[in-house]
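Report on the structure given below.
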Amino acid sequence: MLIKVKTLTGKEIEIDIEPTDKVERIKERVEEKEGIPPQQQRLIYSGKQMNDEKTAADYKILGGSVLHLVLALRGGGGLRQ
């Protein structure tokens, strides 16, 4: 089934997934298309952050559903003087 992943810039990435695919696999597909490592991705669906170990079916994702991609950038160590 085709779903869309929307980035913060408004870009929509179309991805073909199976209901049995884990969120981890969806992140791998985003990496294939956008080059963003899965560990930097946070996927949001229905206002909730998705767990890597759950499947698309667990979240009741259907064809045409839109997931939101937020980047989790590693924090630095405070302000430098």
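Going from the start of the chain as shown, residues are counted 1 onward.
Note that Cβ sites are derived from N, Cα and C of the backbone, with glycine treated the same way.
Just so it is clear, the model here is predicted, and its values are computed rather than measured.
Annotation source Swiss-Prot lists (Microbial infection) Deamidated glutamine at Q40, citing experimental evidence. Residues or ranges marked as N6-acetyllysine by Swiss-Prot: K48. Residues annotated as site 'Interaction with UBE1C' in Swiss-Prot, with experimental evidence given as evidence: L8, I44.
Positions of Swiss-Prot features highlighted on the structure.
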residue : record                                     : Cβ within 10 Å
L8      : site 'Interaction with UBE1C'              : 9
Q40     : (Microbial infection) Deamidated glutamine : 14
I44     : site 'Interaction with UBE1C'              : 15
K48     : N6-acetyllysine                            : 9
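Cα of K48 (N6-acetyllysine) to Cα of L8 (site 'Interaction with UBE1C'): a span of 16 Å. Distance noted between the C-alpha atoms of L8 (site 'Interaction with UBE1C') and Q40 ((Microbial infection) Deamidated glutamine) is 14 Å. Annotation note: the residue listed as '(Microbial infection) Deamidated glutamine' sits in a helical segment as assigned by DSSP.
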